[in-house]
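All remarks here apply to the structure that follows.
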Amino acid sequence: MTAPGAPVDLLVLGGGTAGIVAAKTAVSLGASTLLVERERTGGDCLWTGCVPSKALLAAAHQAAAARTADRFGLEVTLRVDFARVMDRVQQAIAEIAPIDSPETLRAAGVPVRHGQGVFRGEGEVAVDGVPVRYRQAVLAMGSAPTIPPLPGLAEVDYLTSDSFWSLREAPRRLAVLGAGSIGCELGQAMARLGSEVTLVENAERILPREDPAAAAAVARSLRCDGVRVQTGARVAAVHAAPAEGAGAGRLQFEDGREIAFDRLLVAVGRTPRTSGAGLERIGVACDDRGHIRVDGHLRTTNPRIWAAGDLTGHPQFTHVAASHGSLAASNAVLGVRRRAETTVPRVTYTHPEVAALGAATDGSDLRVVTREHTDVDRAVTEGETDGFTRLAVDSSGRVRGATIVGPRAGETLGEAALAVARGMRTRDLAGLMHPYPTWNDGLGGAAIADARTQLDAPLARRAVRLIVGSRRRWLDRRAT
Ligand SMILES: Cc1cc2nc3c(=O)[nH]c(=O)nc-3n(C[C@H](O)[C@H](O)[C@H](O)COP(=O)(O)OP(=O)(O)OC[C@H]3O[C@@H](n4cnc5c(N)ncnc54)[C@H](O)[C@@H]3O)c2cc1C
Ligand SMILES: NC(=O)c1ccc[n+]([C@@H]2O[C@H](COP(=O)([O-])OP(=O)(O)OC[C@H]3O[C@@H](n4cnc5c(N)ncnc54)[C@H](O)[C@@H]3O)[C@@H](O)[C@H]2O)c1
């Protein structure tokens, strides 16, 4: 308990994943701590991000399974009750929410204050105008959907991943601007739940950060779901069409083409929430994209202020926010200099899933070994052979990166992540017994193929031939 007016050891601004984990870590280390949150503890992941999107995808997956059951010899009639789908999404949120509630946090010894935090100067923050003093602080205010400066966009009642969750009816025609993680996940989910979806991406392919073959597999799957995928598409303007319904309009492309929509979802990235918190008064600098500048230990340009989660330039994932929140708090409280983990696994939960980490598995200098899922028996039994497991391997056989495309690829990625983190070689993975027939057979198969290539190298072949020959001679001698 901190005496009234005394500074807390660690002030944490923002009660999303990064802030909650930072505050819990600080408390567990015995530091006096205050967690400040202006809306709801739990952050984007719980309320508008991972949890609702994965719950929606679960419903969409069931719909797709019903629609394609015929290929397994089953006849299923499908009717989508979108309002009930969204009720179940809210139910999933409600089931998880208590873990991050202020009551649970307080019971775990984390003091929580509701209010907007604004730094007044070194060592003092105002929470809804009430001053709080601190020795050090962790900034964890997260990010918000980026709204591009498109002419006419403000005249349309567009959706973002914040407002999407209040939909009660599936729009008949949904246009999605941006085919990154959000655009592909929500676009596919809505197509499977009955909307006519057009995915509009200005890069030359969807999921531009992923291996091109992975993006191509997702694009094929999206098209199978009826999604119109428009890449290299530059939107010049948005025109509202209120006569066709609230939120309706048209996207006008630079080449003059137009597409009409009943609702438009904007999913072109996320902008760090750094403005309005008084960061300039405490000497915390941002880069030109607005991310808080941090060093490898997550310290900002003010040595007493640390930052974690979406507002730094690190990849915007919940597992990064959690890992970095913990690290920032322990570095601050203990004065240690642990480095932030930068090999970050990522999964896009489309069908097929795209899971990746580490070195690029396309165009890298490393050896690339691929196991097509046509050669993975589990994929064949499930009728899901459009995918692959691909490893990037260095000259000593160590696994440096992986891309896996297929159902539950995210689960298989765990094994690849361990291999990369522990510097394991493909022969280590090849020697591991993989239960048959699992999806991880893809990883095992790729590792075996690579280990075999090494055995096929002239030197290794000569050594094996020598061993076999001397064994033969030894056996022959014993026989005589
Ligand atoms: C649709 C969608 C799906 C996603 N799916 C996944 C996924 O499947 N897997 C994954 O790993 N990641 C996913 N993400 C990303 C993930 O949600 C974020 O990376 C994560 O939530 C970031 O956590 P954070 O703590 O940095 O920020 P946030 O969760 O945004 O928390 C920041 C908090 O700070 C509060 N705040 C801001 N300013 C102030 C202030 N001045 N005073 C007080 N409080 C303040 C905000 O109210 C907020 O609660 C998804 C994101 C979206 C949008
Ligand atoms: N499964 C997951 O882990 C998951 C799911 C959803 C979101 N997220 C996180 O949230 C972040 C934000 O997601 P996101 O999908 O908004 O961003 P994103 O950066 O993943 O994708 C945005 C896409 O929009 C495109 N784009 C940008 N401006 C455009 C324009 N004017 N017209 C057309 N396309 C345009 C970009 O080229 C890019 O492909 C992600 O980077 C990710 O870190 C993670």
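The backbone N, Cα and C atoms fix where each Cβ goes, and this holds for glycine too.
Annotation source TrEMBL lists FAD binding site at LYS54, GLY117, ASP310. The Cβ of LYS54 (FAD binding site) lies under 8 Å from the Cβ of ALA92, TYR349, each on the same chain and at least six residues away in sequence.
In sequence order, VAL200, GLU201, VAL266, ALA267, VAL268, GLY269 are the residues of the chain that are 6 or more apart from GLY178 (NAD(+) binding site) and have a CB within less than 8 Å of its CB. Per TrEMBL, the feature NAD(+) binding site maps to GLY178, ALA179, GLY180, SER181, ILE182, GLY183, CYS184, GLU185, GLU201, GLY269.
In sequence order, THR318 are the residues near CYS50 (disulfide bond), counting only same-chain partners six or more apart with C-beta under 8 A. Per TrEMBL, disulfide bond is recorded for CYS45-CYS50.
If you look up TrEMBL, you'll see 9-325 marked as domain 'FAD/NAD(P)-binding'.
Taken from TrEMBL, the feature domain 'Pyridine nucleotide-disulphide oxidoreductase dimerisation' covers 344-443. Broken down by DSSP into helix, strand and coil, the domain 'Pyridine nucleotide-disulphide oxidoreductase dimerisation' (344-443) contains 31 helix, 31 strand, 38 coil.
The binding-site residues near ligand 1, defined by a Cβ under 6 Å from one of its atoms, are GLY117, chosen from GLY117, GLY178, GLY180, CYS184, GLU201. You'll find the Cα of ILE182 (NAD(+) binding site) roughly 13 Å from the Cα of CYS45 (disulfide bond).
Taking all protein chains in view, 23 other C-beta atoms sit within 10 angstroms of the C-beta of GLY117 (FAD binding site). In terms of C-alpha distance, the listed recorded positions CYS45, GLY180, CYS184 place CYS45 closest to ASP310 (FAD binding site). Here GLY180 (NAD(+) binding site) comes close to LEU207, PRO208, ARG209, ALA267, VAL268, GLY269: these same-chain residues lie at least six apart in sequence, with C-beta atoms under 8 angstroms from its C-beta. Listed in sequence order, the recorded positions among CYS45, CYS50, LYS54, GLY180, ILE182, CYS184 whose CB lies under 6 angstroms from an atom of ligand 2 come out as GLY180, ILE182. When the binding-site residues GLU201, ASP310 are compared by the number of other CB atoms within 10 angstroms of each CB, GLU201 has the fewest.
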